[in-house]
Amino acid sequence: MPLLDPNTQTLAESSAAQPQRLPFPPVTYSHILHCSYHQWQPRYRTLTPKSRAIPLTPSFVSYLRANGIVLPPETTRPHGDDDIDTFSDDGADEESDPSVEWQEIHSQIKSTISEFGGKVTPKLNWSAPKDAVWMSATNDLQCRTPNDIYLLLKSSDFITHDLEHPFDGCVPDPDDSSEAPATQPDIPYYLVLRKYVNFNPSLEFRCFVRNRVLLCMCQRDQNHFDFLFSLRDTLRSRIQAFFDEKLKDTFPDPNFVFDVYIPEPHQRVWLIDINPWADRTDPLLFSWLEILQMKDPIGIKEEDTDAPEESFVRLSLNGATPTVVEVNRDEDSESEKDVGSADDGDDSPFLPEFRLVKRDDPEAYSFSTPQYSAHKLPKEVVDASLAGSGGMSEFLGKWQDILAKQTQEDTDSDDGR
């Protein structure tokens, strides 16, 4: 039997102590549906920015799912008999207008853009096409025309996930007593158009709720903002009060993640989104393992009950995983003294950890770092897609010629060696 180097053995033991899979509770179909915008927004309408949810027809959903990017013409052709000769072009462009199958939705989008002052931001039931903003002239989600919206939706992997994989990793609800094999529920898809607001990204925060307890929170933008540290206590208090009064007892599930925006003067909290308690939701400044192993008041009480009378309970975890103390050790002590004091007294209120990007964090100055770069395509591919099926076929032909030429050159080079 070979001997292990002590360091290797320690590493192996550490790896063994780590769970092989994140210890999430089962994610049910209903939980995913509860986090769909059309499900939660009516309940919290007064807490959200102004928006409209447009029900989507099967033909429009099929358009989003279809390969290639074919956009409707910017101007609508007349359909009267008197105008046929004037605008006739032998029907060459008749098939190039995909909106003929969903004219009502197209008209609703136009009217909503006009109603909201000419600028909106789009999303589907769960996701906004943030990974496709590089396709936009403004490099954000701002849309002024229906075609701006269609271009973002059809260029986004996030939207594709909403359409094709919303229930990945999910299980049927435990109260489903049907003996028939569980089938995924039908999804009524919606296009959500929100009035465009130039949000200050430094004031957006993601909050994690477990067992109806606000467990922790962090900033969404991963750049350092020095002014946030002096506001940490105020913002934490605002978010905690908002959660206690508006969300704690009203959202159907005990575990979820929600996003808020708190603009100056930091008096009002706006609910921006609600996300599943699942690894598909980005934990941002935390890791999911770290969050799942955090203690909340319920876990602390259970630990107190199980502990012998002569022992004491420490807010730490066995093994090589981060402890509560270790997680907090990097936080600015001056800003987080109240969290430490809250843990010392039995009657002290539980305070969620509020994590901010510090000045010396490696990711603190990523202003020039492009987000979602893995989702981008070469400009030539995008241009070919915009030209329709013919443009893409021409591009593929040229690409194959280039590959064949490169292969031939490599072969000739090998033969001459």
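A Cβ is built for glycine as well, from the same backbone N, Cα and C atoms used for every other residue.
Cross-referencing Asp148, Asp175, Asp259 with the ATP binding residues that Swiss-Prot gives (Lys123, Trp126, Ala128, Lys130, Arg194, Lys195, Glu204, Arg206, Arg220, Asp273, Asn275) picks out Asp259. Check Swiss-Prot against the ranges 1-23, 231-253, 300-322 and you find region 'Disordered' recorded for 1-23. Spread of the ATP binding residues is 21 Å (greatest Cα-Cα distance among Lys123, Trp126, Ala128, Lys130, Arg194, Lys195, Glu204, Arg206, Arg220, Asp259, Asp273, Asn275). Remark: of the binding-site residues Glu204, Asp273, the most isolated position is Glu204 (fewest other Cβ atoms within 10 Å of its Cβ). The Cβ of Ala128 (ATP binding site) has 22 neighbouring Cβ atoms from other residues within 10 Å, across all protein chains displayed.
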